[in-house]
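S.K.: Quick one: the structure is below, and I'll ask about it shortly.
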Amino acid sequence: MTGYVFPESFVWGSATASYQIEGAATEDGRGRSIWDTYSHTPGRTLNGDTGDVAADHYHRWREDLGHIADLGLGAYRFSIAWPRVQPGGSGKFNQAGIDFYSRLVDGLLERGVRPVATMYHWDLPQELEDAGGWASRETALRFEEYAAGIVGALGDRVHTWTTLNEPWCSAYLGYASGVHAPGRTEPAAALAAVHHLNLAHGLAGRVVRETAPAADLSVTLNLHVIRPASDSEADRDAVRRIDALANRAFLGPMLDGAYPADLLTDTASVTDWSFVHDGDEKLIAVPLDVLGVNYYSSTLVRAWDGVSPRSDADGHGKSAATPWVAADDVDFLPQPGPYTAMGWNIDPEAFTELLLRLHREYPGQPLMITENGAAFDDVVSADGTIADDRRIDYLHRHIAAVADARAQGADVRGYFVWSLLDNFEWGYGYDRRFGIIRVDYDTQVRTWKQSAHWYKRLAATGRLEPATS
Ligand code: FCB
């Protein structure tokens, strides 16, 4: 692509999540979440890092809003911590928690920035996990109550309500491979979690439609672009199976109103899916104003022959248990580099492919890039600058990939860089830095990396210069 100018209506934003930046884990009545428990369990996170303090955003939110405004961004995607606004996950709401988000939303509006609020970015109240977590239908019902509370309080001051962030991770990493909270390794529970997260989305979506009709409704999915190692029928079938677990388990009920038949057959040895009740799928298919897409890297699979050494290089962390329920006969192959500090391959073409697939399969469904970005080992030079050329290059190539998809007809309305700030990167703790703004965790000083300056220029002009190589 030889340069591209995004229209003025294209939204430039940045994204964060509550547990990754807020800190203040025990302040103002906040309850505990599964991530508090998980990160405080020895051996679960790199260096034993926890989100207790994180980027201290709970106390520094005004300064952080200042950065968003200085960057000239039109939108900010943040998440609401369920245990901060409804400790325990049922019953009474915590006014201090609601006030925090209310001030944040007003602060964004005062600065002309659209608030895009995610209801659930993985911090489930621990009490609900103790009662079964996402493997239990009750959790979806509790989520509806929580949604009613926050939508009632913030309503259409929030421009876009996003029900869930990456339910794939919540279900499969949380309940099958256990590399995310709550750290369970129960394949049947993972599939039940898939459904109850989908159901939670439908129930909360209905709340938004009824309580804040002027607000946009969305959900954010981490869709996988899956390629076969060869053109053999077996490898192509491996793609189909992983596509069912990774993508169609969510796209199916949310956008087509039904689970794909092959998913149910593929997983029949694990569950009979009797947790799907009559009417659930219809409820889940609540119409979306925008579908949120998170993209970082691509996936390469082959049918496993049962004897050759496996790679299991799916990029989703190391565990003895697989996140890929009932797909032991599929192997994930290492991919050609270059890689980010996460070990994820850099593959912008796959991003274009994904957006075009969505455009083809769901014509008329507007799309929003709700996360894209890269971790690299940043170096602070003697004069304090952070020349993160590789991050700029990554962003440049991926935004060009979005431009390519748009040029071919995909209705992509905006782009949120992950992330505004360095933050607690889940199992990788503070070791992996995704921010366009550096956080010094000793002093909490924020410093713009070169990528922040670059992104500010892009947001101001909408003009993406051709990539240099
Ligand atoms: C996504 C998560 C986000 C962040 C990025 C790197 O899976 O939604 O919180 O950790 O990956």
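A Cβ is built for glycine as well, from the same backbone N, Cα and C atoms used for every other residue.
As listed in TrEMBL for this protein:
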| type | residues | note |
| --- | --- | --- |
| ACT_SITE | Glu166 | active site, proton donor |
| ACT_SITE | Glu371 | active site, nucleophile |
| BINDING | Gln20, His121, Asn165, Tyr296, Trp418, Glu425, Trp426 | substrate binding site |
S.K.: Which residues in the same chain, at least 6 apart in sequence, have a Cβ under 8 Å from the Cβ of Trp418 (substrate binding site)?
M.R.: Ser14, Ala15, Asn294, Glu371, Asn372, Gly373, Phe434
S.K.: Given the substrate binding site residues Gln20, His121, Asn165, Tyr296, Trp418, Glu425, Trp426 in the record, what is the largest Cα to Cα distance, rounded to whole Å?
M.R.: 18
S.K.: Other than Gln20, His121, Asn165, Tyr296, Trp418, Glu425, Trp426, which residues of the same chain sit close to substrate? List them in sequence order, counting a residue when its Cβ is within 8 Å of the Cβ centroid of the site.
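M.R.: Going along the sequence, the neighbours come out as Ala17, Glu166, Glu371, Ser419, Asn423, Phe434.
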S.K.: In sequence order, which residues at least six apart in the same chain have a CB under 8 Å from the CB of Trp426 (substrate binding site)?
M.R.: Gln20, Trp35, Thr45, His180
S.K.: If you measure Tyr296 (substrate binding site) to the residue listed as 'active site, proton donor' at Cα, how many Å is it?
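M.R.: The separation of the Cα atoms works out to 13 Å.
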S.K.: To the nearest Å, how far is the Cα of Glu166 (active site, proton donor) from the Cα of Glu425 (substrate binding site)?
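M.R.: About 15 Å separate the Cα atoms of these two residues.
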S.K.: Given the recorded positions Glu166, Glu425, and counting only Cβ atoms in the protein chains shown, which has the most within 10 Å of its Cβ?
M.R.: Glu166
S.K.: For Glu371 (active site, nucleophile), what is the secondary structure state per DSSP, taken as helix, strand or coil?
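M.R.: Looking at the DSSP assignment, Glu371 (active site, nucleophile) belongs to a strand.
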S.K.: Secondary structure at Trp418 (substrate binding site) (DSSP, helix/strand/coil)?
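M.R.: It is in a strand.
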S.K.: What are the sequence-distant neighbours of Asn165 (substrate binding site), meaning same chain, six or more residues apart, C-beta distance under 8 angstroms?
M.R.: Ala17, Ser79, Thr118, Tyr120, His121, Trp122, Thr220, Asn294, Thr370
S.K.: Including all protein chains shown, what's the count of other C-beta atoms within 10 A of the C-beta of the residue listed as 'active site, nucleophile'?
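M.R.: A 10 Å sphere around the Cβ of the residue listed as 'active site, nucleophile' contains 23 other Cβ atoms.
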